[in-house]
Amino acid sequence: MFWTLLWWVLTHVIRHFLGLSDTVPALEPSVLPYDIDPVNPMRLEQERIAREALHGDPRGDMRFISDDDASYGVGIKDTKYRWPGYPGKPEIPYVIDSSASKLKPLIKKAIDQYHKHTCVKFVERKSQKDYVRIVKDKGCWSYVGKIGGNQTLSLGKGCEYEGTIVHELGHAVGLYHEQQRSDRDTYITVNMGNVLRGYESNFNKIPLSRELRYTSYDCDSIMHYGEYAFSKQPKKLKTMVGKKADCKPKEPYEKSGLTTRDMDIVNKMYQCK
C-alpha cells in the first residue's frame, strides 16, 4: 500500500512538473449535439431552449399549404392527406438529411413507437414521389399529413427529445393538436390573457364539422402542449389549466411518447386491421 501511494504521488508530481494534464481522455462524442437528457430537460437552460424550439414561432409547429387548411385541421378528417396504403397499411417514406444525421438513433426510437403500436410504417425512401425529409432547421415543426412531394420536418436545436420527435412525426402522420379539439373547453381552461400577443391562433379550436373524434380528450397526449405553452411569462402565467385534478398538461419534450389513446386515434384514422 505504501509503495503504491508513493508511486501515485511521484507520478503526479512529475506530470505537474512537465506540464502534463491529469484529465481523462475524452470519450466518443454523444449521438446528440450537446449534453442533454433525451427524455426530459433537467436544467433550466435546456428547458428554455426546448421551449423556444417548439413555441418560438407564432405559427406554432404545424405547417399547411394554405390558410384554409390551417383553420380546419385537414390532417384529421380529409382523406386526401392520408399516406399511401390507406386504409390499412399506410407507409410514410422518409429521408434523414445529413444536417440531422446525429439525431438518427433518436429518430429511429421515435419511429419505433409508431411501428410497435400502430399500422403506420415509416420506410426509408427509394424513389417515392411523396416523402418526408427530416432536417435540422430552426425550431421543431412539420406539415400535417401528406401534402405531396418533398415535405420538410424540422428538428432544430432544442428538438433533441424523443417526445418532441414523436410529436412532430404525429403531425406528419396527420394528427392535429389535442388542445385545439372542439370539445377542449370541457376539459381545460385556456387563459388567452396569458398568451403572447400574435400567438393566439395556436389555441383556435377545430370546428366540429371538420373534426373526427376517435377518442375521448387526452390531457396526456403526445399531441397536447404544456400548461405554459406560448405564455407571456413561462413558469409563472399558465395558458392552460385542467378542469380536473388529473389533467396537468406537459410539453412533448417532458413525455416519453404515445399514449394508448394516441395509438388508438392513429389506428382508427388509418383503419388499421
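Any Cβ shown, glycine's included, is placed from N, Cα and C.
All annotation found in TrEMBL is predicted automatically rather than curated by experts.
Taken from TrEMBL, the feature signal peptide applies to 1-19.
Under the heading domain 'Peptidase M12A', TrEMBL lists 74-273.
All protein chains considered, the CB of HIS171 (Zn(2+) binding site) has 22 other CB atoms within 10 Å. Among the features that TrEMBL reports, Zn(2+) binding site is placed at HIS167, HIS171, HIS177.
The feature active site is assigned by TrEMBL to GLU168. Neighbour list (GLU168 (active site), Cβ cut-off 8 Å, at least 6 residues apart, same chain): ASP61, CYS140, TRP141, SER142, LEU153, SER154, LEU155, CYS159.
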Problem - Neighbour tally for HIS177 (Zn(2+) binding site), based on other Cβ positions within 10 Å of its Cβ - result: 24
Completion exercise
Mapped onto three states, the DSSP assignment of HIS171 (Zn(2+) binding site) reads helix
Handout entry: Output field, Zn(2+) shell: CB within 8 Å of site CB centroid, site HIS167, HIS171, HIS177 dropped
Key = ASP61, MET62, SER142, GLU168, GLY170, LEU175, TYR176, ILE222, MET223, PRO252
Exercise for the section: Grab the pLDDT values for the domain 'Peptidase M12A' (74-273) and give me their mean, rounded. Expected result: 94
